[in-house]
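Notes for the one structure printed next.
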Ligand code: SAH
């Protein structure tokens, strides 16, 4: 599955230099010839190797990315370099591409190395898994990524340590719809709520599956993600834990969600732990990052068992659990939110409830 030894090692960096004018001419004249797949080696579908070959779509992506002089661009999964060619022909200064497949690394390097012009270091290809490779500083991320890493990659970009202007990403159409959904939309979910906490997202255009080789089963959409300047005024780890609880059963009412025995016990455990370590600095430990945008569970996932055998098993007395249950119910009753459903709530409303819970010693991380 993986190319073990080489994976994640950025030591195969190759610098390829070129002149922008030559490159622009190159990508214009040889577009179809170089963009169609010549079958040099077998493309690996499980790795998301679907090359985008429609030059109009490739041009449109580069145009939407609105690259400026001075920009450092990050591309994830350059494949044979069809999009890379546009990025190199843009006003941007530098392109770094992270690619897991050594055959693709060779293909991109050969493609731009063939231009063999020597004064400017503009393109660097790092061989490695984008999820394990530390990205160099970048201003803009532009990529037709392997769709299998959509959630963790977006989480890495938005909840990691990077600061960038925009990410213009080609994603599976359904995933893109869920990403840009608004409260009340049927697709609204944890992914959208968490991303909206830190960024603005916008659908730019749809792209047909026919524009790829080999043709995938799904259509695609181009999305722009723009991180907000100021970080949100919330402990992100706490927020992410809270939205996990709410959106696991996003169509139930909050009252119903927070009445469940198993949930109450679980929160009681977490809350006691949090009280014990209040000296811990708030923030997002790296461990929680990658899963935070995973799909929501479905509404059937949690059953509501009764009886107090669970309390004792968890080391709590029935009284203790009862009191904590009252605390949660009290927080909900003090607002008119108990009858609301998470999938229809704005982040402001959710945040308000989270603060109320926290003030009452109910913690989610
Ligand atoms: N951007 C190119 C290729 C898209 S196919 C184009 O538009 O034509 C996706 C590419 O991502 C493939 O080259 C695949 O090898 C690469 N890839 C898959 N998983 C990856 C990962 N975890 N990290 C980096 N690259 C990956």
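Even glycines carry a Cβ here, placed using N, Cα and C.
Residues or ranges marked as S-adenosyl-L-methionine binding site by TrEMBL: 50, 52, 77, 99, 129, 144. In the three-state DSSP scheme, residue 77 (S-adenosyl-L-methionine binding site) falls into the coil class. Every protein chain shown contributes to the tally, and the Cβ of residue 77 (S-adenosyl-L-methionine binding site) ends up with 23 other Cβ atoms within 10 Å.
Per TrEMBL, the feature domain 'Ribosomal RNA adenine methylase transferase N-terminal' maps to 57-229.
Summarising the annotation, TrEMBL assigns compositional bias 'Acidic residues' to 295-308.
According to TrEMBL, the region 'Disordered' annotation covers 295-315.
Mean pLDDT for the domain 'Ribosomal RNA adenine methylase transferase N-terminal' (57-229) in the predicted structure: 93. Under the three-state DSSP scheme, residue 52 (S-adenosyl-L-methionine binding site) falls in the strand class. Those residues noted as binding S-adenosyl-L-methionine (50, 52, 77, 99, 129, 144) have their most widely separated CA atoms at a distance of 20 Å.
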